[in-house]
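As recorded in TrEMBL:
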type	residues	note
BINDING	Arg64, Gly89, Asp162, Leu163, Glu189	S-adenosyl-L-methionine binding site
Amino acid sequence: MAARQPYIDSDTSDEAVRATCDDATICKRFATSKSYWKDPYIQYFVRSVGERKAPEINRGYYARVQGVNRLLDAFLRKTKCDCQVINLGAGLDTTFWRLKDENLMPRKFFEVDFPTVVARKIHNIKTKPPLSKPLIETHSTDSLLLDAHSLDSDRYCIIGADLRDISSLDEKLKKFQLNPELPTLLLSECVLVYMTPSQSSNVVHWAAETFPTAMFINYEQVNMSDRFGQVMIENLQRRQCNLAGVEACQSLDTQKERFLKTGWEHADALDMMTVYSMLPQDDVARIERLEFLDERELLQQLLQHYSICWAAKDKLNLGLSQLAF
């Protein structure tokens, strides 16, 4: 059993969760500066490279980015891009720009996050031409909706919303031309774990009920009941960050069960050490030459405590349950 969570004021906890968005972006900025992978757009969200990150952290982010992208890109190819993507808790993610550059754009790409995070992202897009130009290039009319907490164009939409309020989320997405009949990929990275089990179940159930043909990719912690997992929980609690949904992170089975119990037909899960071993090994060899790693055991421990779980529903019989590593 995971340790009982101490009470943390909800506003403080929300603020701490919002801060994790900066952590992820800063870590990705550093890893890309070291050439772990290419992301020419992240510099417009985080200017300075910042202090050095440990090699195991860089390799962990490499596995995360490559692992999620492999499943996302496989879905886009399987649907021939005749689909939509919803990134839940997207933060300062740059996937929209990558997909445009790689000619893998879905019909529409939606992002949802706290209104304060969305406001920052929209400000960056408005003030940085390398971010705004691709958006304008994919928009056919003069009317681009832009206010403090939402941006809506033909192919890209950012919405400020709280994922714990499902009816409001559903209403906002449909207002911006979400099409439930279109094959839909939902993506969340270290998002559900900050919600209570019933709140995250509501999100996953809403997705299963709303989209007859869909895939859900969830990246987050796993194996959290062992000592290493307890240390991770304690470190986050020290920053007022409460892992309210940690009980779904006990094992790969509990990760899959969350989906299978809420209307998804098929679910798979792998820890990130396994994912790392299944990535193209020539590129893994390349990134392992970038920095010397003193303790490979530490990398293994870290990667064994994160996972990718993916679930599918397939009314259109596209073969979504076959998508894997």
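Each residue, glycine too, has its Cβ placed from N, Cα and C.
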For the binding-site residues Asp162, Glu189, the one whose C-beta sees the most other C-beta atoms within 10 angstroms: Glu189
Same-chain residues at least 6 apart in sequence whose Cβ lies under 8 Å from Arg64 (S-adenosyl-L-methionine binding site): Glu189, Tyr219, Met272, Tyr306
Cα-Cα distance, maximum over Arg64, Gly89, Asp162, Leu163, Glu189, record's S-adenosyl-L-methionine binders, Å: 24
Count of other CB atoms lying within 10 Å of the CB belonging to Leu163 (S-adenosyl-L-methionine binding site): 22
